[in-house]
């Protein structure tokens, strides 16, 4: 029951059985409840009061303190939309029982495609613990490629995966193709193709990867001590300087250097353990290791403490 006070132009909701009771408002459900008898006096009540809070968190992640998502500047309309709740009264339905007011988001097909790609990018980045700046750069790269329409015929998931790979390289935290493949549904070959096409389409480039780009992460994932990591880094760098590994990928050289350093220490790791982390096959590690093994005495740092002498290292 609603009664209007002379002192107040707005209707005041009261309990018909306890008109003087101060109603309790359930903000989540939008209900006005009488504390005396528990009667729900008003439902679907809208709070028309002023909102004095300031929202400084405009990240794309969910913010429980705001209504709806934050604005996305990469989309044409910022992804601002109106959500209509389900009706409860008879007036909310037509003669066939269907809701008269259906929730339709006024979003273009291109924005919808980009939104799906952005969600996929965020999911992939989260699975390999990449920071937000990588996600933002990837989203920007995808938007540029999508709007240029220069990769027509390529799946958006493949383009998104390649953009993530490029963003990692450009931000100085490179990931291998295998690592990107592991968190996407796209093959290494297809990501590689899109990678080359995107660089050409955007007329951009990425820095060449080196063994040092992966060494710290690989050794950390293998739970190797700092001494072994430093030795592996030194071995890989010297192998490149001495031109012992021409044509070999930095990842395979890094894996071989880690294998050599670990075998010389008390913290030994197998080729398979290293291969699983680096994303390379055992045979690939062996091929690079055989190239550097003959010069092993020249590759270790002078202060390295050997648990296994150089002449006792595996010959493979």
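Backbone N, Cα and C atoms are what each Cβ position is placed from, and that goes for glycine too.
Its Cβ taken as reference, residue 286 (DNA binding site) is surrounded by 19 other Cβ atoms within 10 Å in the chains shown. A helical conformation is recorded for residue 286 (DNA binding site) in the three-state DSSP classification. Under the heading DNA binding site, Swiss-Prot lists 152, 154, 189, 196, 248, 272, 281, 284, 286, 290, citing similarity to another entry as support.
The phosphoserine feature in Swiss-Prot is assigned to 70 (among others); the stated evidence is similarity to another entry.
Marked as phosphoserine by Swiss-Prot on the basis of similarity to another entry: 76 (among others).
Marked as phosphoserine by Swiss-Prot on the basis of similarity to another entry: 92 (among others).
If you look up Swiss-Prot, you'll see 238 marked as N6-acetyllysine, on the strength of similarity to another entry. Taking a C-beta cut-off of under 8 Å and a sequence gap of six or more, residue 238 (N6-acetyllysine) has these contacts in its own chain: 298, 299. In the three-state DSSP reading, residue 238 (N6-acetyllysine) counts as helix.
If you look up Swiss-Prot, you'll see 189-193 (among others) marked as region 'Core promoter DNA-binding'. Here the region 'Core promoter DNA-binding' (189-193) has Cβ contacts under 8 Å with residues 154-155, 158, 161-162, 165, 177, 180-181 of the same chain, all six or more residues outside its ends.
Among the features that Swiss-Prot reports, region 'Necessary for TATA box-bound TBP complex formation' is placed at 244-316.
The region 'Core promoter DNA-binding' annotation in Swiss-Prot covers 249-252 (among others). Mean per-residue pLDDT, taken over the region 'Core promoter DNA-binding' (249-252), amounts to 94.
Sequence-distant contacts of the region 'Core promoter DNA-binding' (283-286), counting only residues of its own chain at least 6 positions beyond either end whose CB sits under 8 Å from a CB of the stretch, comprise 252, 255-256, 259, 271, 274-275, 316. What Swiss-Prot records for 283-286 (among others) is region 'Core promoter DNA-binding'.
Residues annotated as repeat '1' in Swiss-Prot: 124-200. The DSSP breakdown of the repeat '1' (124-200) into helical (H, G, I), extended (E, B) and coil residues amounts to 55 helix, 0 strand, 22 coil.
According to Swiss-Prot, the feature zinc finger maps to 11-42.
Sorting the region 'Core promoter DNA-binding' (249-252) by DSSP state (H, G, I as helix; E, B as strand; all else coil) yields 3 helix, 0 strand, 1 coil. In terms of DSSP secondary structure, the region 'Necessary for TATA box-bound TBP complex formation' (244-316) contains 44 helix, 0 strand, 29 coil. Across the zinc finger (11-42), DSSP helix (H, G, I), strand (E, B) and coil residues number 0 helix, 12 strand, 20 coil.
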